[in-house]
Amino acid sequence: MPLFNSLCWFPTIHVTPPSFILNGIPGLERVHVWISLPLCTMYIIFLVGNLGLVYLIYYEESLHHPMYFFFGHALSLIDLLTCTTTLPNALCIFWFSLKEINFNACLAQMFFVHGFTGVESGVLMLMALDRYVAICYPLRYATTLTNPIIAKAELATFLRGVLLMIPFPFLVKRLPFCQSNIISHTYCDHMSVVKLSCASIKVNVIYGLMVALLIGVFDICCISLSYTLILKAAISLSSSDARQKAFSTCTAHISAIIITYVPAFFTFFAHRFGGHTIPPSLHIIVANLYLLLPPTLNPIVYGVKTKQIRKSVIKFFQGDKGAG
């Protein structure tokens, strides 16, 4: 460690650790095994729910609509990739104390975590636009959201999430790490890694804020605008039944937005502004729940709130093979 500290005085020397140590949840190391139990249970529920939903939407012709395409073939698959990138590694830390992660593997995990969450945010935005077209322009729905348009929207969302995250590993690689290689976290997250650097991280912070604006803030603004127009259109409906139907078609999506963005914004602001007021253990727990809780609850929320999915699930378990 003294050698690392002395090297910081020489800006021409670039120090890159061969690996990082993911220390888990700081202050709660003795109860890691107990913390892992609900996380593992949620992960199993998450796998069953999302894989089952992907299969159901593929299998059931009555669910071959844009809304379910976004949810089943996009949101569920992205959730599967995101959680599988982080949770098995966290369970290895909790159960077997396998805390070491290669430097490049850490950068890869960081890229995938941020990239997939960026894509997920875009999918939620597209789902809001889908609801806007369905409620405000119901007669044009089938001609507006055609398969080519859906494919282009999904591709644009994916490319935005991936391309904006590509600089993160390179911004981290340029930094010298001469203090410690111990990360108080269960996975490699951009701010957790760069805080270990002994050089200025101003560029990393600025770029991170820019990405947050281009993805999180932009998507929230689009979602808010969509639901403002939806609310305006629903209120103008003359029939109370029509208004009720319009609102009921949005409740599942609104629930998904809340359980996704609330922990996401907590994690974002805690990293940057809550270092002295928010306990590190709380921050790490919420960061894990942010990646695991929404994907676990989404199939349940959509199954409860969406009549077509409920009917398809019942139909599937009754063994009815006919197309819906």
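Any Cβ shown, glycine's included, is placed from N, Cα and C.
Taken from Swiss-Prot, the feature topological domain 'Extracellular' applies to 1-33 (among others).
The feature transmembrane segment is assigned by Swiss-Prot to 34-54 (among others), with sequence analysis given as support. Sequence-remote contacts of a segment are chain residues at least 6 beyond its ends whose Cβ falls under 8 Å from one of its Cβ atoms, and for the transmembrane segment (34-54) they are 25, 28, 71-73, 76-77, 79-80, 83, 87, 90-91, 94-95, 285, 288, 292-293, 295-296, 298-300, 302-303, 309.
Helix first, then strand, then coil: DSSP counts for the topological domain 'Cytoplasmic' (55-62) stand at 7 helix, 0 strand, 1 coil. For 55-62 (among others), the entry in Swiss-Prot reads topological domain 'Cytoplasmic', with the evidence type sequence analysis.
The feature transmembrane segment is assigned by Swiss-Prot to 63-84 (among others), with sequence analysis given as support. Through the fold, the transmembrane segment (63-84) approaches residues 43, 46-47, 50-51, 53-54, 56-57, 112-113, 116-117, 119-120, 123-124, 126-127, 130-131, 134, 145, 150, 154, 157, 256, 291-292, 294-295, 298-299, 302, 308-309, 312, 324 of its own chain, all at least 6 residues removed from its boundaries and within a Cβ separation under 8 Å.
Mean pLDDT for the topological domain 'Extracellular' (85-108) in this predicted model: 95. Residues or ranges marked as topological domain 'Extracellular' by Swiss-Prot: 85-108 (among others).
Cys198 (disulfide bond) falls within neither a helix nor a strand when secondary structure is assigned with DSSP, and so counts as coil. What Swiss-Prot records for Cys106-Cys198 is disulfide bond, and it gives sequence analysis as the kind of evidence.
For the transmembrane segment (109-129), the list of distant contacts is 67, 70-71, 74-75, 78-79, 81-82, 85-86, 89, 101, 153-154, 157-158, 160-162, 164-166, 168-169, 172, 187-190, 193, 211, 215-216, 218-219, 222-223, 226-227, 253, 256-257, 260, 264, 291: same-chain residues at least six beyond its ends, Cβ to Cβ under 8 Å. Summarising the annotation, Swiss-Prot assigns transmembrane segment to 109-129 (among others).
Per Swiss-Prot, topological domain 'Cytoplasmic' is recorded for 130-148 (among others), and the stated evidence type is sequence analysis.
Same-chain neighbours of the transmembrane segment (149-169): 66, 69-70, 74, 107-108, 110-111, 114-119, 121-123, 125-126, 190, 207, 211, 214-215, counting only residues six or more beyond its ends whose CB sits under 8 Å from a CB of the stretch. Summarising the annotation, Swiss-Prot assigns transmembrane segment to 149-169 (among others) and lists sequence analysis as the type of evidence.
Here Swiss-Prot flags 170-205 (among others) as topological domain 'Extracellular'.
Per Swiss-Prot, transmembrane segment is recorded for 206-226 (among others), and the stated evidence type is sequence analysis.
Positions annotated as topological domain 'Cytoplasmic' by Swiss-Prot: 227-246 (among others).
What Swiss-Prot lists as transmembrane segment is 247-267 (among others).
Under the heading topological domain 'Extracellular', Swiss-Prot lists 268-283 (among others), citing sequence analysis as support.
Residues or ranges marked as transmembrane segment in Swiss-Prot (evidence: sequence analysis): 284-304 (among others).
What Swiss-Prot lists as topological domain 'Cytoplasmic' is 305-324 (among others), and the listing cites sequence analysis.
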_Same-chain residues near the topological domain 'Cytoplasmic' (227-246), Cβ under 8 Å, at least 6 residues beyond its ends_ = 128, 131-132, 135-136, 254
_Out of Cys106, Cys198, which of these disulfide-bonded residues shows the lowest number of other CB atoms within 10 Å of its CB?_
Cys198
*Once the DSSP letters are reduced so that anything not helix or strand counts as coil, what is Cys106 (disulfide bond)?*
helix
*Tally of DSSP helical, extended and coil residues in the topological domain 'Extracellular' (170-205)*: 13 helix, 2 strand, 21 coil
